[in-house]
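Trainee: Sharing a structure with you now.
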């Protein structure tokens, strides 16, 4: 009987090269006088220059988007989210298996856009319904979208689920179910971060801009202090992280949080909020980066992608932002937003939840109640 010499599946040649480069990252570790250095070769300043240029480019683009307004910021978040999902989808992709599963990649994106409709549909619809009350046709369309959005998303997901079952192939069950589970984990990770980020944007651009800026300050400060002063290893799963970088970044981020919102000498309430955000960004949020480092080591890769020179992929830059966005939203809702009802919140709920006919009935009944209270005793 002829022996089956088929080789195990391997990634594409480009990805293989990426993995070979990725496996080299422990080589950067060396010791001088018994201490671990962040970078030890003659190329360290060239790498720092590449990283600095990429950072300045990202900063300029970020400031331009902020200047253009909320809609462009939202579009930027969605685009970043799509690129993150693409990087994560490709992480466990095997070209050999994919050749025998036509349309399987498309199924991943079907689940992705279904989740996007579910997460963003209700958020945007509730915001949109308040601006279209004068247009009856558009108002009814938006109201019905809100009413049936969950049904649409559910049947879209069920369609993808049936699609997955129908594409199952013998001898590929393990790979297909592994990809199915990996896709759903990606959706949870990506949309958790982005949903809270979008919610922060609609609460006010300040609650998006400040947390994101604090993470950027912390990353830059950690790199600077670690680059020039780093000697003491911080955590084993990320050997380039040092205590000097961590402590220096914590101090710099906390000071920045206190100074950035300042407009006068007096300590404003918003500065106290910024101080707590800064403490979280400097002490707890970096553990999102440590988690990502451990994850990459588990899969023997250095970066999630190579779209940003000197930084890796977009996912590499968003690991701490994911943790920070969730905390910023929870903090804002718990300690900043008033817990009691206001006229604005009640009106927003009425406009988004009731049809035009139901609003008219409510208006008539509310008028009767007010008349009875005002003139009933007379």
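Cβ atoms here come from the backbone N, Cα and C positions, even for glycine.
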Trainee: Which range, 25-48, 145-168, 313-336, does TrEMBL list as transmembrane segment?
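Mentor: Residues 145-168 are the ones TrEMBL records as transmembrane segment.
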Trainee: Okay, the transmembrane segment (180-199) and the transmembrane segment (56-85): do they have at least three CB pairs under 8 Å, pairs separated by 6 or more?
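Mentor: Yes, the transmembrane segment (56-85) contacts the transmembrane segment (180-199).
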Trainee: Take the C-beta pairs under 8 A between the transmembrane segment (145-168) and each of 106-125, 180-199, 242-260, 272-292. Which stretch has the highest count?
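Mentor: Going through each listed stretch, the top one turns out to be 106-125.
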Trainee: Suppose I define contact as three or more CB-CB distances under 8 A, residues 6 or more apart in sequence; do the transmembrane segment (272-292) and the transmembrane segment (180-199) meet it?
Mentor: no
